[in-house]
Protein chains: 2
Amino acid sequence: MLKNGFYGAEAHGAYETASIGRLELEEGGVIEDCWLAYATAGTLNEDKSNAILLPTWYSGSHGAYFQTYVGAGHALDPEKYFIISVNQIGNGLSVSPFNTADDSISMSKFPDVRIGDDVVAQERLLREHFGISELFAVVGGSMGAQQTYEWIVRFPDKVKRAAAIAGTAKNTPHDFLFTQILNEAIESDPGFKGGEYGSHTEVADGLRRQSHIWSVMGFSTEYWKGEEWRTLGFETKEAVLSDFLDPLFLSMDPNTLLNNAWKWQRGDVSRHTDGDLAAALGRVTAKTFVMPISEDMFFPVRDCAAEQELIPGSELRVIEDNAGHLGLFGMSANYMPQIDRNLSELFAS
Amino acid sequence: MLKNGFYGAEAHGAYETASIGRLELEEGGVIEDCWLAYATAGTLNEDKSNAILLPTWYSGSHGAYFQTYVGAGHALDPEKYFIISVNQIGNGLSVSPFNTADDSISMSKFPDVRIGDDVVAQERLLREHFGISELFAVVGGSMGAQQTYEWIVRFPDKVKRAAAIAGTAKNTPHDFLFTQILNEAIESDPGFKGGEYGSHTEVADGLRRQSHIWSVMGFSTEYWKGEEWRTLGFETKEAVLSDFLDPLFLSMDPNTLLNNAWKWQRGDVSRHTDGDLAAALGRVTAKTFVMPISEDMFFPVRDCAAEQELIPGSELRVIEDNAGHLGLFGMSANYMPQIDRNLSELFAS
């Protein structure tokens, strides 16, 4: 186990952990003690019909939702709903390469995990620990959207409503290549040592290069051109990198990012239907809103719209935001109002 | 001097070299013997009024034009025009970090060069070696477009027509950051040794990482999704990288790429007008076609259109191509017909 202070309540907000025991993975690996970090808000009602699940995104955690999306005045209102965000496996808060006590899966030995493994683990956690057998809604951004799609295809009877924000049901080839360059930034650092570094700080150069790739793909050309980062208090574009993206990514654990990236690259609900995406999405019975961000460089609206057309009764709700994919952080003033308006409508349906 | 067989007539087609002597650079450096590699086709007419200049792009040479854009049946027809493509300084064919005999500017000591330095050098070459004082047209793609804009702002009386394909007059912040990650891919390779490598093959890992970044930003999401690379004879997306982009970039000289990237990042015709882009582009008297590629990820149509609106009498001619920026290579069947149609119209004006 390595120490990495970033993965704790101070940076991500309070959370609890629970084990679902042994988890056999789609790719053949096993996590003997699969413990998940999760956070909740609100109260589960008597018939357990008001639970909303928020699966997490790459490099993110429950904290990204609880700091921005959840609260009084938001659609994700703890006065009405029991809101639970479960951190994805390998994200640094749930069981992960650097924090597992099981030496057989530590660091470079951590097994490949798929989106489906996360959803199976979450379903078990909700059922066994909370007695929840049906979700009022699943709402997720980016890799959280991948998990949302997996939920409504794998367990169509267990989800009433779904919102997939800035993500796809089947990853695209371009997105696969994008994630590959994120990975290569880390793996090429001599300090990475094939995943057997002694501290994430030894991979600082690779993490910084990944941060810089995010500066190109995470925001949009319009965001940079309009210097919209000034609303965040920065005075130069260089400061957005050196004072925001770099410190964030340099805090992170490299194996954690790589494990989640492997999963991200292979998200594909059509694995349930022999590669037939239309058949997979045709299974969906949840009322589904597909919510791409207008200026997303790697989950472009048209890719999301093409999937939305395959989902019965679904609606395309484009979120207008020059921030692009990283708009997910809610950094533009007009972002959360759009999210809240759409989710409110979804929840009322 | 290093040996690098890529930079020769076999890969790029026949060319000649000529020295314009001492070139004092905008940033304060000096190239004592500034020799330029150029190729020509057609015959200069008696009053020297039929010369068309083709400035080169990043990682490219005159060969990219002569293999695809120039010839009978194309708008750039050597039967009608005297066509000359001058390789930009530092591109591996003209005087460059690895091929100069002047040790004081070799390798990491090569001075910073600006787009303006290239245009001054080209103007001198054309005037002193060919007696050309006015160009029928300047046509350039990408960094060639940057040089095209520099020509029509710096020497408004010397250019009658201009076509700027897939490039900008003033580089954007997003594009600067994109180029930065290209640079970092090279500079982070331990074999790079601060620019003092013993062979470009020692920087193969860094060059491969740069190649992979091109796979993400050079093409478009639609190109990958539609598997349009199949028209090039590849059978998998991996082969596009391993059999096309990787061998190409692994052939190149790292310092050459970095020198040209520095220049690319800082292209800005408003240097002539104290930062006032409208004033700079307002000077233009050449009939100008602004020709962005529809799916370009880093010179998006809207950025080019915003500049076009500042150029008196200019026209926006969008080239529809899912290949994105690398569509410049003419790999889509519908690319060259659009280029030819627009250039023919420009040349007839």
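Glycine residues also receive a Cβ, built from the backbone N, Cα and C atoms like all the rest.
The active site, nucleophile annotation in TrEMBL covers B:S142. Feature annotation from TrEMBL assigns active site to B:D296, B:H325. What TrEMBL lists as domain 'AB hydrolase-1' is B:72-329.
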Where B:D296 (active site) and B:H325 (active site) are concerned, what is their Cα separation in Å, rounded?
5
So if I measure Cβ to Cβ from the residue listed as 'active site, nucleophile' and keep only same-chain residues at least 6 apart in sequence, which ones fall under 8 Å?
B:W57, B:Y58, B:G60, B:I165, B:A166, B:G167, B:F299, B:H325, B:L328
Would you mind checking how many other C-beta atoms are within 10 angstroms of the C-beta on B:D296 (active site)?
29
Surrounding CB atoms that lie within 10 Å of the CB of B:H325 (active site), all protein chains:
24
Can you check what DSSP calls B:D296 (active site), collapsed to helix, strand or coil?
coil
